[in-house]
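To start, the structure itself, in structure tokens.
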Amino acid sequence: MDVGQMRRQWVEYTKSLFMEGFLDSQFEQLQQLQDESNPDFVVEVVSLFFEDSERLLNDLTRALDQPSVDFKLVDSYVHQLKGSSSSIGASRVKNACIAFRNFCEEQNVEGCRRCLQQVKQENLLVKNKLETLFRMEQQIVAAGGSIPNMEQIGF
Amino acid sequence: MEAGFAASSSSKGFMDTGEQPHVLAVDDSLVDRKLIEKLLKNSSCKVTTAENGPRALEVLGLGDHQRNTLDANVSKVNMIITDYCMPGMSGYELLKKIKESSILREVPVVIMSSENVPTRINKCLEEGAQMFMLKPLNQSDIKRLRCQLMNCRS
């Protein structure tokens, strides 16, 4: 595959991530913030997010496993996860957190547990998608190309 | 930059002539700290981050173990932007402490939150917050922020 084909593939893949709702415009913000002084900005922020989300998902699993569930605590974890997912544009994770908070408010344990599974799934999905995207970026750069600018291609 | 934006005599001025404004960004979320830092740096600001209220107060020279005088070693901060929801000291409580300080009360404080709660917003504005911003922040939010604080005419 030549660099041109790799770049086109990257564009198509990125578009699909937006269209399928995995990412929203906040992710574009991150991409636009990346520059020569900070060429790995997106990867760095996204990595921080997944470290954070893994920790929070473990905390949530533990909290929902307790004989008497502390919903205030559960809600505070979900609030944090909703915030950071929103900040990187991980839209489906964010939306799953919004639903989760509703069940916290209702103090519905089963509902919360279902939501936790949902959030875990969405987190894993977007993680895989982004890993694929970043791999494509590495290949483009290794082949001497540059990562396309979504703004420039009018997306 | 127009010379007209030089700090006026009546306020500390968000932008000292020719210097990069120094912003203190306070947020318990590491992801958000990284994001706000980059947003501000891209707008030519010098940035210090703090992960909670007490740490922010230390940076400002108002820490528990510091005397309430302007420490010569404490870098002058031109603006503070803080998250509202933080464990321990909230952004609101931090705002109050800053406004209670005779040295720092003139420094503009901006509150950020992921939740659009009118009573929360009003409470902060009444306590002296310059602006309230909804998260997640983007580049145009930061532009708007700088504009407002420098009394831009757009």
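Glycine too: its Cβ is placed from the backbone N, Cα and C atoms.
Record features, source TrEMBL:
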type    : residues : note
DOMAIN  : B:22-150 : domain 'Response regulatory'
MOD_RES : B:ASP83  : 4-aspartylphosphate
Within the domain 'Response regulatory' (B:22-150), residues counted as helix, strand or coil by DSSP: 50 helix, 24 strand, 55 coil
Cβ neighbours within the same chain of the residue listed as '4-aspartylphosphate' - under 8 Å, at least six residues apart: B:VAL26, B:ASP27, B:ASP28, B:SER29, B:ASP32, B:GLY91, B:ILE111, B:MET112, B:SER113, B:LYS135
Integer average pLDDT (0 to 100) for the domain 'Response regulatory' (B:22-150): 91
